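Input: a single structure, listed below in structure tokens.
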Ligand SMILES: NC(=O)C[C@H](N)C(=O)O
């Protein structure tokens, strides 16, 4: 059962090949048996899962249908789940049980999905390796001595290892697409504002966006359809109808104009990844696509701009964790100031503290214009590059990451080298456009991802291109040995 995709599960449940309860039990047993090798879960919600599965079976027996009815999923541990630990993988939220469900959690539960647990991540989503979690690093099922990517590393590892068919993630600078690439999954970061952020613990509010990770584009379409939509509780949510992502999958690609930005194939890219990505382009040409060389001239400034804007917003968002209202509190504080200082000093990890300090500095009087304001101007130039490019092409294609998964610990003493891994993904967040990563082959047995970018609200187009490619390729069907 664990090899089935969401779409296959939905058909099997409809055909009564097994029940949602049987499926959940099988996956819960698998999680118990295999997750100790990966550490992809922070919390396994067995009782909740069995209750939801039972309810889904009852709804089906009463004649209800629905692609997500009885579908087992997991949530990244920054989506608030009522009565269940929501830790953001941080000691500062250790023991915090959210009093309500995030909109995404609520919508997926209403559609009948079954929550098997909460997934590990980089602390407060800050990282590209899932090594900064208070609950320990996540391992890549393709090679357990390597990182799965981050920050949605638990979501990626669990889905890649067939512990779950699909999971939610969030993407601030690549946190869905980069781990998807490093673990042979398909993952989509929707347009900013497409998926509600209500109840999704904020990292960098102008960049954060939730989305699905799954093994196929079809499954991403199913899950995204359940997640997307206007939410009056999120002021950044966009009131625009959600496209029919499933219908979009089957559009032919004849005439599709693909842009290859020269900046995506320059220095720093592993040449074997470049070859795999260009092989995907050849396949897409066979499906009728045409290819054009384009340029995104301001891409070189994206990393410095992002690593000013994201920490600046984080320093503000994370000020709410003060030892009083949520989670961890230091022992025997001398006075209120001591309580704030020590709770934060003891509760936040290294990388989070680094970013709070960088962000506070960038926002401080006298430095604001030099750093934050300048970064915002770069952001506009990056957005303009995309707007210009999309006058000439329908989608932009390139590698998702410059390198395959690296060894655990390899970049721990050099945060900037980890930041550089985000080079191809963060521009989509700065511009707010949607981006998707899909499997494109292997380098030394390690998965490689290809990234597709599209204009605002064209998630359907991205899923369409990925699905059509997955009809003529089989990279996405490969499973890591031992899982
Ligand atoms: N959160 C993300 O999207 C990952 C990015 N590497 C960051 O640390 O900000």
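One-based numbering along the chain as shown.
Every residue, even glycine, has its Cβ placed from backbone N, Cα and C.
The feature domain 'Amidase' is assigned by TrEMBL to 23-463.
Look at TrEMBL and you will find 76 (among others) tagged as active site, charge relay system. In this structure, residue 76 (active site, charge relay system) is part of a beta strand by DSSP. Annotation for residue 76 (active site, charge relay system): same-chain Cβ neighbours under 8 Å, separated by at least 6 residues, are 118, 119, 121, 152, 154, 155, 167, 168, 169, 170.
Residues or ranges marked as active site, charge relay system in TrEMBL: 151 (among others). A coil conformation is recorded for residue 151 (active site, charge relay system) in the three-state DSSP classification, outside any helix or strand.
Annotated active site, acyl-ester intermediate per TrEMBL: 175, in sequence order. Mapped onto three states, the DSSP output places residue 175 (active site, acyl-ester intermediate) in coil.
The number of other CB atoms found within 10 A of the CB of residue 151 (active site, charge relay system), across every protein chain shown, is 35. Of all the Cβ atoms in the protein chains shown, 37 others lie within 10 Å of the Cβ of residue 175 (active site, acyl-ester intermediate). Distance from the CA of residue 175 (active site, acyl-ester intermediate) to the CA of residue 151 (active site, charge relay system) is 5 Å.
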